[in-house]
Amino acid sequence: MDNSTTAAEVSAPTDYDYNSTSYDDDNPYAAPCSLTETWNFLGRFAPVAYILVFILALVGNILVLCVIRRYRQSRHSPCSFSLTDTFLLHLAVSDLLLAATLPFFAVEWISEWVFGKVMCKITGALFSLNVYCGVLFLACISFDRYLAIVHAINISWRRKTCHAQLACAFIWVICLGLSMVDMHFRDLVEIPGMNRMVCQIVYSEQYSKQWQIGMQLVSMVLGFILPLLVMLYCYLHIFKALCHATRRQKRRSLRLIISLVIVFVISWAPYNALRMTDSLQMLGVIVKSCALNNVLDVGILVTESLGLAHCALNPLLYGLVGVKFRRELAQMCKAALGPQGCLGLVGWANGRGSSTRRPTGSFSSVETENTSYFSVMA
């Protein structure tokens, strides 16, 4: 596969080779691979997938931010709520910014890139920045839950959420540096024979393959492998700490832990597996073929869309499952629509049991004060 054929650029929505044919760089005399059918399918699939993820992520994450804002208004200090809530706030912002880039790339697939070179660079960098930030914030949430439940870290330390703000700032800075690859290399490219402009990463011809493979490796390590290892380690120990619990809500938390890991793996593992296959093909470990080219082109974009859907699922997995989060959402609804307009939501917020049931917090030895207001364990 040539350097631009595969939809596997590291830190941007799928960069696809819009040529109608693809040639093997190692054998220039080989018959070209036809990409017409692949292009037609992706041109129909990508806009629908991007817009659907955009709408769902927009609604879910705005709800999360509104509920957090309502809660913060009742506090006076920027360090007034738990570490997990701080990470959840930054996760929602990151997912919202990521979703905001998708309509631009949907328009590109429908027609062409019409927003100019500057927006091409900014949009690509913003996408890259928030993909990295999102998965790293997920790792931070799991680590904070691990400290609270398994080790019951000192309450006074964990309530100083300014520590979490510093950690979040560090993550933003690191990911901003990684996104500069897009800012530097993204450019407008004209599709031969189609008179259309697209926004793609364009590496220097001499080092194109090295850059692609190197950045794919960085992306897989920071964007999937490292967060997955952190989540597996933390949630495995949380699972062990709660596996002997008898309370119904603790058993419910065990099911939630399993769901969090499974959803993350299903969302991102297929995409990273296909990108690894593409890297091996570029290195010559896997023999190139037209059939494999088409599988990678279609598969990477489809699985990328599956991964992007995770930013729409995060509000459900990390926010709405918390009893107290749902109650705050119900109160916000009552304030906006009145008590009669939110009867169903109030019942849902109180759970299946009695509406007068006392809310429980995190399942640690410091249950009351160590609770995350929007914790997945609440």
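Just so you know, glycine gets a Cβ as well, placed from its N, Cα and C.
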Notebook entry, point to check: Are Glu108 and Ala148 on the same side of the membrane in Swiss-Prot?
Noted result: no
Item checked: As recorded in Swiss-Prot, which of Cys120, Cys133, Cys140, Cys290 forms the disulphide with Cys199 -> Cys120
Next item on the list: Kindly assign Cys199 (disulfide bond) to one of the three DSSP-derived states: helix, strand or coil.
Entry: strand
Next item on the list: Can you tell me which of 48-68, 165-185, 254-274 gets the most C-beta pairs within less than 8 Å of the transmembrane segment (87-107)?
Entry: 48-68
